[in-house]
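Visitor: In case it's useful when we look at the structure, here is the feature table from Swiss-Prot:
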DISULFID  Cys28-Cys134  disulfide bond
DISULFID  Cys61-Cys185  disulfide bond
CARBOHYD  Asn65  N-linked glycosylation site
CARBOHYD  Asn98  N-linked glycosylation site
MOD_RES   Gln21  pyrrolidone carboxylic acid
SIGNAL    1-20  signal peptide
Amino acid sequence: MVPVLLLLPALAGLFGAAEGQAFHLGKCPHPPVQENFDVNKYLGKWYEIEKIPVSFEKGSCIQANYSLKENGNVEVINKELRADGTVNQIEGEATPENITEPAKLAVKFFWFMPSAPYWVLATDYENYALVYSCTTIIWLFHMDHVWILGRNPYLPPETVTYLKDILTSNNIEVEKMTITDQVNCPESM
């Protein structure tokens, strides 16, 4: 018990340092994912509309492009426009996490890092997608990541509300979500 008590102040400091990120007591929730998910319909370019802020995304004009690799996995290319006008890009690979639930993927960007969950909670493939990721930290806390994506840089407010309602109905907080700036983005991205 004493080691846990010593660990709590350190974790509190860590959580305070991760401004905007969503840390919560307890293990990750397990919301239902998109039924009959078809990865082939999901491929292509998506624009980030809103998200729970994450330390690894600081820019604007954030977008993701998904394509099928020869091995059957999904190539992930994420891009953002930095404040200095340069484009930051990262490439990763998504693999099925559970063959019976194809909307549950695991994405990995660096060989030395563990994979992270990438769960598609909802999509109509042509307009919107709702993506959820959660990591449990030493059985005491969990950290949420949420992305609302669109095939176009903007979604109607009623669509965003619909997607946020899915989150809140599954006890996933949306209060920290922020709108991603998609104004004056270079076409070359």
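Each residue, glycine too, has its Cβ placed from N, Cα and C.
Relative to the rest of the structure, where do these features sit?
Guide: Under DSSP, Cys28 (disulfide bond) is assigned to coil, being neither helix nor strand in the three-state scheme. Cβ neighbour count for Cys28 (disulfide bond) (all protein chains, 10 Å cutoff from its Cβ): 18.
DSSP assigns Cys61 (disulfide bond) to a strand.
Less than 8 angstroms from the CB of Asn65 (N-linked glycosylation site) sit Gly44, Lys45, Trp46, Val76, Ile77, Lys79, each of them six or more residues away in the same chain.
The Cβ of Asn98 (N-linked glycosylation site) lies under 8 Å from the Cβ of Lys104, each of these being in the same chain and 6 or more residues away along the sequence.
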Visitor: Provide, as an integer number of angstrom, the distance between the C-alpha atoms of Cys134 (disulfide bond) and Cys185 (disulfide bond).
Guide: 29
Visitor: Might you list, by sequence position, any residue in that chain lying six or more from Cys61 (disulfide bond) with a Cβ less than 8 Å away from its Cβ?
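Guide: The list for Cys61 (disulfide bond) reads Lys79, Glu80, Leu81, Asp181, Gln182, Cys185, Pro186, Met189, given in order along the sequence.
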